[in-house]
Each structure stands twice: as C-alpha cells, then as structure tokens.
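Q: First the structure, which I've put down as structure tokens, then a few questions once you've had a look.
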C-alpha cells in the first residue's frame with residue numbers, strides 16, 4: 001500500500017512530489033511534500049490545484065534566525081504546536097499569490113545572500129520551524145519535510161500542502177491512495193520515516209564504564225546517553241561477550257516501584273534479580289536497564305494507571321484511559337546499545353514476544369527465548385493474566 005522511504009527519496013531528488021501521511025491518532029491527514037531547493041511554479045500550481053490546502057515551507061531554526069522570521073503568535077495554542085512564523089513575500093513580487101511568485105519567494109528564502117529585509121510581512125508563504133531532531137522529536141509533516149530534504153542531501157527545507165478532497169473534507173488514506181495512483185506519486189508514512197531514521201542513524205553514545213560489584217556478582221556497568229531525549233540507560237555486562245556466540249541478554253524496563261520498593265503489583269523486581277542471578281551463573285551475559293518507566297508512560301502516569309486499576313480497570317485499559325497505547329516502548333535505542341556492545345545473536349530472557357519482534361526489527365537475531373517467569377502473587381495475578389490475554393505474554397498461570 002505504501003512505498004519504501006528509499007523510493008520516495010529518489011523521486012524527491014528528481015524534483016517530484018510525494019505524499020506523506022501521519023498517524024491516524026494525530027492529524028490523520030496527508031500532505032504533498034517537495035524539496036524547497038527544487039521548487040518550481042509548476043509544482044506550486046499542482047499543489048494548490050490538487051491539494052487545495054495551505055502552502056507552507058518547513059525550515060530549520062537556522063533559516064528563521066538568519067531571516068529574522070518571528071513566530072506568528074507569541075502564545076501558540078495550536079493542539080499540535082505547529083510553529084508558524086510570520087508569513088512572507090519576497091520584495092521582488094507583486095501580490096505574491098501567483099504560483100510563479102510563491103515559487104520565487106521560496107527560492108529566495110533559500111538564497112544564502114537573502115536577508116530579513118528582503119521579505120515583506122505578511123505575505124503568502126508560511127514558513128514553519130521544524131524541531132531539532134526532526135520526526136524523532138515530533139512526528140509532524142513539518143519535521144518530515146526537513147528530514148526528507150536532509151536525507152536527500154538537499155537544503156534542509158521543504159514545501160508542503162495539505163490534501164483536501166473536492167467536497168472540502170480532509171483526504172484520508174483511501175482518498176490519498178487514489179490520489180497517489182492517479183498522479184503516479186509515491187506515498188509514505190511518517191511512522192516509516194521514523195523507523196528509517198532509527199534504523200540508519202547512530203543515536204547512542206557510550207559515556208562511561210566502571211566495575212560494579214553487586215549482591216549477584218561483579219559486572220561492568222556501561223552508561224549510555226542518546227540524542228533523542230535526556231534519558232540515560234545502563235548495560236551491566238558479565239564476562240567475554242565478544243566471541244560471536246549467542247549471548248544471554250535481558251532488556252529490562254525501569255520499574256521504580258518494583259525494582260526499588262519491592263512492589264507486589266508487578267513481577268518486575270523479581271525478574272530483575274532473577275536475570276542478574278542467571279547471567280552470573282552462566283558467567284557471560286548482558287542486562288540492559290532501559291529508562292522506560294511504566295512501559296514508556298513515565299512514573300507519575302504509571303501511578304495514575306495504578307489508581308485506575310484500583311477503580312477496576314486492568315493494566316491495558318488504564319493506559320488507554322490515560323490516552324496511551326498499551327505499550328509505548330520502542331526498542332530502537334536498546335538495539336543500538338546492544339550493537340554498540342558488539343552483540344548480534346541473542347538468547348533473550350523474556351516472556352514478551354513483542355520484545356523479540358522489536359529487537360529483531362533492528363537487525364538483531366534472537367536465537368532463543370529464555371523464559372523468565374516468576375511465581376504469581378495474590379496482588380499481581382490479575383495483572384499477569386492481563387499481560388497474557390491482551391499483550392500476548394507467554395506465561396503459565
């Protein structure tokens with residue numbers, strides 16, 4: 001149904017337009033996107049004729065600063081925090097509204113010799129400032145356009161236009177597919193662009209390594225940062241893991257209440273201790289401790305989910321009532337840390353098939369699933385049963 005990111009990049013490099021769709025839980029829309037560096041009046045005319053939306057120009061913060069493009073409003077109340085600057089026309093244009101003059105404004109916006117004084121305000125081109133980090137920070141069309149331009153080796157700026165049906169309603173995926181077929185346009189998703197970047201870019205940095213004696217044995221503790229957020233992760237390494245043989249690995253998501261306070265609501269603490277003990281017995285392995293509290297929703301939201309569970313919701317329903325997916329974790333950063341440690345083949349300590357699929361999606365091979373089941377307690381029987389029934393965990397209860 002959708003094309004590969006590589007196919008879209010090839011078309012963009014040729015000056016063609018692509019369609020980019022975002023998540024159905026976000027704006028749930030598709031935009032025409034082209035590279036600003038290759039924009040022509042013909043492309044602008046195509047967008048306004050068949051897209052019918054607002055023509056905008058996603059740019060980096062650097063462009064906005066150089067051209068003194070101030071935010072359109074001082075207090076942004078847009079639900080998606082779209083970062084409009086003041087609209088502009090190049091001083092050489094007349095009304096600025098024609099396809100030719102809009103293309104001229106965009107071309108001059110990219111001209112390194114242009115200054116802020118070269119543009120009238122307001123105008124008919126609407127620059128948007130992309131967040132640094134692109135779609136890995138904000139999954140919007142603004143960031144997608146700049147990311148695609150950078151992946152093409154072009155100036156980091158794009159031209160976008162929302163696609164609206166002839167009846168005035170927003171075009172959804174079936175409409176967008178028909179549009180792509182009619183005009184022979186490649187169609188991709190922001191979700192796939194995120195996956196592409198995570199797969200092809202190094203996002204983790206090894207910061208520090210120490211010897212860590214524990215109650216379970218002595219490990220090498222290696223601390224990692226990443227370029228996506230402020231979260232810091234740690235790998236506890238035992239023995240020589242560089243032999244090329246499958247290595248026993250536990251990817252453990254942080255659970256303050258279970259790991260530190262011994263909460264009986266979950267089985268996280270016992271799993272953590274059992275994994276360390278098993279790695280110590282084998283004399284070789286890795287425990288990767290990921291700062292993904294509450295399956296990725298954070299500590300306070302996890303406590304809010306617990307409150308809902310006290311009212312009768314299960315762990316999945318509680319997450320969803322708070323507006324989160326059942327499991328918000330992403331395994332891309334963890335996979336990059338494991339690769340940095342030199343691992344390729346894993347014997348994975350887990351009861352969660354999705355964790356296996358998540359790691360294998362980043363070119364790691366799970367040669368064996370090693371069960372890590374803890375005895376159920378009265379306080380967590382319902383929780384564990386929900387993990388089996390709704391999250392597909394492999395447990396014998």
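Numbering starts at 1 and runs along the chain as displayed.
Backbone N, Cα and C define each Cβ position, glycine as well.
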Q: Which of 179, 255 does Swiss-Prot put in the same Zn(2+) site as 266, 268?
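A: Checking 179, 255 against Swiss-Prot: the Zn(2+) site match is 255.
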Q: Swiss-Prot records 250, 251, 252, 253, 254, 293, 294, 295, 315, 350, 355 as GTP-binding residues. Which of 271, 336, 344 is assigned to the same site?
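A: As annotated by Swiss-Prot, 250, 251, 252, 253, 254, 293, 294, 295, 315, 350, 355 share the GTP site with 271, chosen from 271, 336, 344.
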Q: The region 'GTP cyclohydrolase II' (200-397): mean pLDDT?
A: 93
Q: Return only the integer: C-alpha distance in Å from residue 124 (site 'Essential for DHBP synthase activity') to residue 162 (site 'Essential for DHBP synthase activity').
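A: Taking the Cα atoms only, residue 124 (site 'Essential for DHBP synthase activity') lies 15 Å from residue 162 (site 'Essential for DHBP synthase activity').
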Q: Can you grab the distance from residue 329 (active site, nucleophile) over to residue 162 (site 'Essential for DHBP synthase activity')? Cα atoms, rounded to a whole Å.
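A: Given the Cα positions, residue 329 (active site, nucleophile) is 30 Å from residue 162 (site 'Essential for DHBP synthase activity').
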